[in-house]
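Q: Next up is a structure, given as structure tokens.
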Amino acid sequence: MIELDINASDKSLSHRAVIFSLLAQKPCFVRNFLMGEDCLSSLEIAQNLGAKVENTAKNSFKITPPTAIKEPSKILNCNNSGTSMRLYSGLLSAQKGLFVLSGDNSLNARPMKRIIEPLKAFGARILGREDNHFAPLVIVGSPLKACNYESPIASAQVKSAFVLSALQAQGVSVYKENELSRNHTEIMLKSLGAKIHNQDGVLMISPLEKPLEAFDFTIANDPSSAFFFALACAITPKSRLLLKNVLLNPTRIEAFEALKKMGASIEYVIQSKDLEMIGDIYVEHAPLKAISIEQNIASLIDEIPALSIAMLFAKGKSMVKNAKDLRVKESDRIKAVISNFKALGIECEEFEDGFYIEGLEDISPLKQRFSQKKPPLIKSFNDHRIAMSFAILTLALPLEIDNLECANISFPQFKRLLNLFKKGSFNGN
């Protein structure tokens, strides 16, 4: 059995640790921070808002929040990070000053009205391009009043932006979503003294009576990153893999559960539970069968491109529905997946809210064809999850990806670990 500590710290927790430190009054410590481009954007923005950041060890920082958030003299650059833009919008909506949030071309084409509308319900002064649909966003911090909001979409980023505004509003605010989304924001903030009550999926958020407590967080490995290597094991005959020190929050392992339903052998062993459950995941190859994914989409939407690779190896027709949000990620991920599969000659089709893929079960004829004829270049669309998903497919087919460097957005170690997997041995350090 191959043992792997992927050393890819959780992206969601890394973002939140930095952003939440700005609502504390004393120095906070973040250990095992994800040094991916997205999370570094959040860290740089914190510095531009007045936080002092000091290296304490490898991938670890002491963050001293400012006495009051500073009005920056320049645009706050979120680069490719939707989490940075959406969560900072919630945080800054009640802070004194003028703030402009912008990003790269991809981020500035992603939907922002989904956060602008709930923030305006508080009375926030926030504007976006093209009738509030897109960034850049301009925020003039102002006093907020509590509100009730029912979100039409299940999104941890929308929920988190709302919660960060609610903590700074006058009165108790209520948030309801149509499907459970990731709950790291609630867990972390409650541990730091925020009063957030969850009753049957409805959040009631009281304003902060005092600054958040200072914290010392050590961040576990990201299950979304670990999933790529669970997928690699599932499609590689005779493979057995132990993924170590992985965050096992129930809202984050839905993709592993889907792979398990497809036939892969997957077992969780909890090693600790402090703030969040952390443990090991055992994965073993087995023949895969088709799956229909139509529920709990918010809990696995980031992993659907990777799951599409598993679907290629499954017996039967697999289906994804109710996943329209895939079209407004870093790329149109429905189009990206299906256009690449069609270029490879795979039977598949896209819908408005998903796709189907007819599994090959036996991929050897396709491999033989590409050994005789050069296969088409796989297009990443500069989307890290598309690039990494199809990079896993290179374990079985002789394919090339047009831009695997974009994996650095969330998983800087990916290329090195993939090469080690191909060799059959790991040293995750």
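Even glycines carry a Cβ here, placed using N, Cα and C.
Copied straight from Swiss-Prot:
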ACT_SITE  D302  active site, proton acceptor
BINDING   K11, S12, R16, S155, Q157, D302, K329  3-phosphoshikimate binding site
BINDING   K11, G82, R110, Q157, R333, R385  phosphoenolpyruvate binding site
Q: Could you find out if DSSP has R16 (3-phosphoshikimate binding site) as helix, strand or coil?
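A: Going by the DSSP assignment, R16 (3-phosphoshikimate binding site) falls within a helical segment, counted as helix.
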Q: Given a separation of at least six residues and a C-beta threshold under 8 Å, show me what packs close to S155 (3-phosphoshikimate binding site) in the same chain.
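A: S155 (3-phosphoshikimate binding site) has long-range Cβ partners R114, E177, S181, A298, D325.
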Q: Work out how many Å separate R333 (phosphoenolpyruvate binding site) and R16 (3-phosphoshikimate binding site) at their Cα atoms, rounded off.
A: 25
Q: Out of K11, R16, R110, K329, R333, which of the binding-site residues is least crowded by other Cβ atoms within 10 Å?
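A: Output over binding-site residues K11, R16, R110, K329, R333: least Cβ neighbours within 10 Å is R110.
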Q: Taking DSSP three-state, what's R110 (phosphoenolpyruvate binding site) in: helix, strand or coil?
A: coil
Q: Would you mind reading off the Cα separation of R385 (phosphoenolpyruvate binding site) from Q157 (3-phosphoshikimate binding site), to the nearest angstrom?
A: 18
Q: Tell me the Cβ contacts of G82 (phosphoenolpyruvate binding site) under 8 Å, same chain only and six or more apart in sequence, or just say none.
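A: Listed in sequence order: L107, R110, Q157.
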Q: Taking the Cα atoms as reference points, how far is K11 (3-phosphoshikimate binding site) from the residue listed as 'active site, proton acceptor' in Å?
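A: For K11 (3-phosphoshikimate binding site) versus the residue listed as 'active site, proton acceptor', the Cα atoms are 12 Å apart.
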Q: With Cβ-Cβ distance below 8 Å and at least 6 positions apart along the chain, what are the contacts of S12 (3-phosphoshikimate binding site)? List them in sequence order.
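A: Set apart from S12 (3-phosphoshikimate binding site) by at least 6 residues yet with Cβ under 8 Å, we have T83, A156, R182, H184, D222, R252.
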